[in-house]
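Novice: Annotations per TrEMBL:
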- 833-845: compositional bias 'Basic and acidic residues' (COMPBIAS)
- 857-868: compositional bias 'Acidic residues' (COMPBIAS)
- 877-886: compositional bias 'Basic and acidic residues' (COMPBIAS)
- 947-957: compositional bias 'Basic and acidic residues' (COMPBIAS)
- 958-981: compositional bias 'Acidic residues' (COMPBIAS)
- 318-576: domain 'COPA/B second beta-propeller' (DOMAIN)
- 593-773: domain 'COPA/B TPR' (DOMAIN)
- 828-981: region 'Disordered' (REGION)
- 95-127: repeat 'WD' (REPEAT)
- 138-172: repeat 'WD' (REPEAT)
- 180-223: repeat 'WD' (REPEAT)
- 224-265: repeat 'WD' (REPEAT)
Amino acid sequence: MPLKLKIKRRLLARSDRVKSIELHPTLPWMLVSLYSGRVYIWNIESKQIVKTLEVCDLPVRTARFVSRKNWIITGSDDTYVRVFNYNTLEHVIQFAAHLDYIRSIAVHPTNSLILTTADDGIIKLWDWEKKWVCSQIFRGHTYLIMQVLFNPKDNNQFATASLDRSVKVWQLGSPVPNFSLKHERDVNCLDYHPGGDKPYIVTGEDGGTVRIWDYQTKSCVQTLQVHSKDVNAVVFHPSLPIILSGSTDGTVRIIHSNTYRLENSLNYGLERVWAIGCHQGSNNIAIGFDEGSMIIRLGQEEPAISMDSSGKIIWAKHSEIQQANIKAMADQEIKDGERLSLAVKDMGSCEIYPQTISHNPNGRFVVVCGDGEYIIYTAMALRNKSFGSAQEFVWSSDSSVYAVREGSASVKIFKNFKEQKSFKPDFGAEGIYGGNMLGVRSVSGLAFYDWESTELVRRIEITPKHIFWSENGELVCIATEDSFFILKFSAAAVEHAKEAKDKVTEDGIEDAFEVLTEIEEAVRTGVWVGDCFIYTNSVNRLNYYVGGEIVTIAHLDRVMYLLGYIPKDNRLYLGDKELSIVSYSLLVSVLEYQTAVMRRDFDTADKVLPTVPREQRTRVAHFLEKQGFKSQAMAVTCDPEHKFELSIQLGDLRTAYELAKETQSDQKWKQLAELAIRRCEFGLAQECLHQAHDFGGLLLLASSAGNRDMVSKLGEAAEKAGQNNVGFLSNFILGKCEECLETLINTGRLPEAAFFARTYLPSQISRVVSLWKTNVTSINKKSADSLADPTEYENLFPGLREACKAEQYLKPQREKVLPAAAYAKIPSNSERNPVDEMKQAEDSGRFVYADPVSRDEENDDDNFEEALEAAPKTPPPKKEEHKEPHPPTPVTVLPSKPEPVVTPTSPLPKQPSEPVTAKQPLEPVATKQSAEPVTAKQPSEPVATKDLVEDLEKEFELDLEDIEELDAADMNLDEDDLLQD
């Protein structure tokens with residue numbers, strides 16, 4: 001059977017003729033030297049050129065990385081060796097090394113040495129620690145030397161290929177070769193076998209011949225005529241059992257290094273092949289052509305490794321099988337993410353090249369699959385138990401049952417190493433998957449079959465990459481290229497459908513699977529622990545999924561593959577392609593608790609919870625929250641932030657209040673206030689808003705409750721706290737236009753104050769304009785002079801006198817307090833004309849306008865009032881606010897009908913004769929009941945309305961007596977009332 005190799009092209013870089021190519025040992029870089037004299041470094045992942053070197057005008061035939069020095073060393077046709085720093089592109093050194101074209105450079109793996117060969121037939125050894133002195137010259141070839149290479153198993157030995165039809169093997173310290181390997185034609189290239197089991201050299205010569213030599217016996221092991229023209233490059237792959245050769249016929253041949261069978265031939269149409277490069281630990285192959293370079297990936301990156309439930313690990317290193325046991329580290333401290341120091345035991349060599357290794361469910365047997373064959377061994381002693389042909393091999397959940405796919409048409413099922421059944425899926429078999437049911441991938445999608453009867457259970461239109469079954473067979477993860485699905489399998493539905501045949505369609509049983517969720521994440525490897533699915537993804541994160549929640553366990557620094565989970569150790573184990581094993585802690589108690597919750601087994605969950613460490617309980621609480629168990633989550637969580645959020649969601653005012661007091665966070669107090677308002681706990685809401693210093697919220701609460709005293713005191717407190725916006729709005733709501741004007745003046749908002757006075761307090765315009773002009777004069781006197789004062793330019797302010805009269809007429813009404821019940825009886829402001837009302841009152845004698853007095857007279861009045869206050873037994877007259885003159889008592893006449901009220905937020909309506917006064921504001925106008933003196937003729941309000949008003953006042957009464965020093969003692973926080981929904 002042929003070697004199963006996946007070939008994927010990763011990079012195509014068009015360029016001039018490539019003369020040498022190499023991959024960086026650690027970075028994703030490809031080094032290319034060109035016939036044009038340039039050197040490029042390509043990033044394989046980004047597919048971009050990251051470095052460019054203009055070396056010379058002649059061909060650069062060889063370039064090599066020296067990663068430990070961050071160097072690139074080049075050899076070119078101008079006979080110079082040049083050294084560059086590939087990070088800074090600094091030119092480190094250059095020197096003339098030969099008398100002719102330099103063909104090849106080899107870097108010693110550990111020492112500060114390089115070998116150079118040229119068309120002068122000489123090999124030279126250079127030491128960069130000794131200032132690039134030529135330490136030794138080797139002579140023995142009679143013609144051009146095409147390549148030189150150190151022996152990876154003996155670094156003091158190297159070999160050269162020459163056009164004198166020989167390969168010579170040399171020793172450092174000896175100027176003459178140890179021996180020669182004679183060829184029939186010119187030799188262009190060579191490579192050493194990387195493994196220690198075979199002392200082989202592979203060579204490529206003119207005419208298309210590839211030869212394999214044993215350099216210990218100095219004999220030719222195999223001769224392969226694989227090309228039609230000269231072979232220019234040949235390499236042993238460092239990890240796969242293949243030889244790659246490139247020729248001027250434009251092809252790359254892939255040859256099995258054990259059977260020497262031609263496995264594949266690649267031709268990308270880029271003309272002649274000049275160089276091939278690869279390195280240990282990667283399946284990337286770099287190929288240089290006449291028209292550019294290319295990166296392909298051979299085989300699979302995932303290592304052949306498996307671990308059973310007890311912690312025994314078996315892996316393949318080339319064809320060698322090795323074993324390690326986690327139990328042997330019982331006394332050692334294991335840290336998350338650190339490589340485990342395992343004692344490795346060699347179990348022997350496998351007859352085939354292992355591409356996959358897997359234990360059966362009980363761990364007694366292990367199967368090795370590769371080269372189109374499978375071999376089942378005993379896990380303890382690696383004794384051969386069974387074998388056969390197979391492209392793929394999978395185990396059932398029953399340890400004695402397995403299936404193989406030999407081709408694309410049929411699948412065979414075995415039990416106890418004997419063939420039980422063979423069947424042909426309806427749409428072929430491109431891949432098979434094991435587990436609770438046998439999965440078969442075909443062109444039509446995925447089909448699940450019963451292991452015993454091979455009957456179709458369900459066909460799903462999906463192209464899976466991996467399938468993972470849980471241990472109890474109830475849950476299955478189907479992973480595609482870019483997402484994964486969690487499905488629930490119903491065995492009862494399958495049994496019921498078998499009895500009722502009408503429920504079985506051509507696509508199987510519809511109720512067999514229920515899709516639980518789809519996650520847009522690519523799964524690389526995975527394993528189920530209970531109902532928790534643990535997996536590694538494409539961005540190197542170790543996560544687990546349970547109940548709709550994805551939890552990240554660790555961020556991995558490289559590609560890792562899950563091996564399994566050992567519950568008694570509470571640890572996950574992973575391996576990489578270098579067969580390094582690492583571990584991460586994952587508490588089994590957490591997984592058991594989450595699994596019990598998912599199965600709605602709350603008795604078990606309650607028993608497991610005490611075993612969950614305190615530091616893990618917040619994670620458990622988040623899981624419970626996502627499952628909808630918020631009250632349980634609040635009881636479990638140890639995070640105060642999380643607990644507060646849950647208490648808000650649950651409406652638990654008491655818990656939220658206690659947590660808010662502990663943290664004293666403004667944000668928490670605001671959240672709690674919002675909840676308290678929704679629950680009609682206005683006292684608690686008031687305290688929370690006060691604690692949060694949320695004056696805006698307090699204003700909303702006070703105005704919504706209709707509490708005039710609260711709004712008034714809030715305005716005073718806001719102004720003292722510098723919250724001028726809230727202070728202004730509080731006064732404005734109460735109709736205290738004078739206080740609003742003073743707030744604007746005190747905060748330096750003089751333009752706004754002038755317009756406010758023009759709208760609501762026309763008698764104050766002159767004073768504010770004077771202040772405004774004084775302020776503007778310090779900035780721009782011309783602008784200040786353009787401001788007109790009504791006392792000086794009365795002609796510019798038509799209707800101002802009527803506006804002043806309206807202000808004085810409305811002021812007594814504005815100071816009246818009306819109950820909310822009167823709102824329905826008051827006409828809207830748009831229906832009123834306060835100037836007309838003022839004129840009607842003036843004509844009827846109900847209103848007499850008093851001219852404003854001067855500042856001096858006003859001060860005299862103030863002094864007179866102070867004297868009256870000091871006089872004994874004399875009641876003091878009421879002092880007017882804002883130092884305005886006390887107007888004479890207007891003549892009040894009972895009107896024939898009630899007068900409407902105008903709020904201070906509306907401007908004065910336009911007078912017919914004076915259009916300018918349309919912008920004049922008006923003050924609230926009292927209704928008949930509020931404007932009249934209390935006389936026998938005043939009608940009383942209905943009793944029902946009066947009672948309603950009293951009830952509303954009691955319901956919305958909020959105490960703000962001590963708003964500046966408010967604490968919990970001032971609030972009614974009775975638990976029964978507070979927590980009542």
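Every residue gets a Cβ built from N, Cα and C, even glycine.
Help me picture these features in the structure, burial and contacts included.
Specialist: For the domain 'COPA/B second beta-propeller' (318-576), the predicted model reports an average pLDDT of 90.
Under 8 Å from some Cβ of the repeat 'WD' (95-127) lie the Cβ atoms of residues 59, 61-66, 73-77, 79-81, 133-139, 141-150, 152, 155, 158, 160, 162, 170, 172, all in the same chain and six or more residues away from its ends.
Below 8 angstroms of C-beta separation, residues 103-111, 113, 115-119, 121-125, 178-192, 194, 196, 199, 201, 203, 205, 213, 215 of the same chain, each at least six residues beyond the ends of the repeat 'WD' (138-172), sit close to that stretch.
Helix first, then strand, then coil: DSSP counts for the repeat 'WD' (180-223) stand at 0 helix, 26 strand, 18 coil.
Long-range contacts of the repeat 'WD' (224-265) within the same chain: residues 2-3, 5, 7, 188-194, 200, 202-212, 271-281, 283, 285, 287-289, 298-299, 318-319, 353, each at least 6 residues beyond the stretch ends and with a Cβ under 8 Å from a Cβ of the stretch.
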Novice: In the repeat 'WD' (138-172), how many residues does DSSP call helix, how many strand, and how many coil?
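Specialist: Helix, strand, coil within the repeat 'WD' (138-172): 0 helix, 24 strand, 11 coil.
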Novice: Determine which residues of the chain contact the repeat 'WD' (180-223) at the Cβ level, with the cut-off under 8 Å and only residues 6 or more beyond its ends counted.
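Specialist: Cβ under 8 Å, 6 or more out: 146-147, 149, 151-153, 159-169, 229-236, 238, 243, 245, 247, 249, 253, 255, 257, 260, 280, 318.
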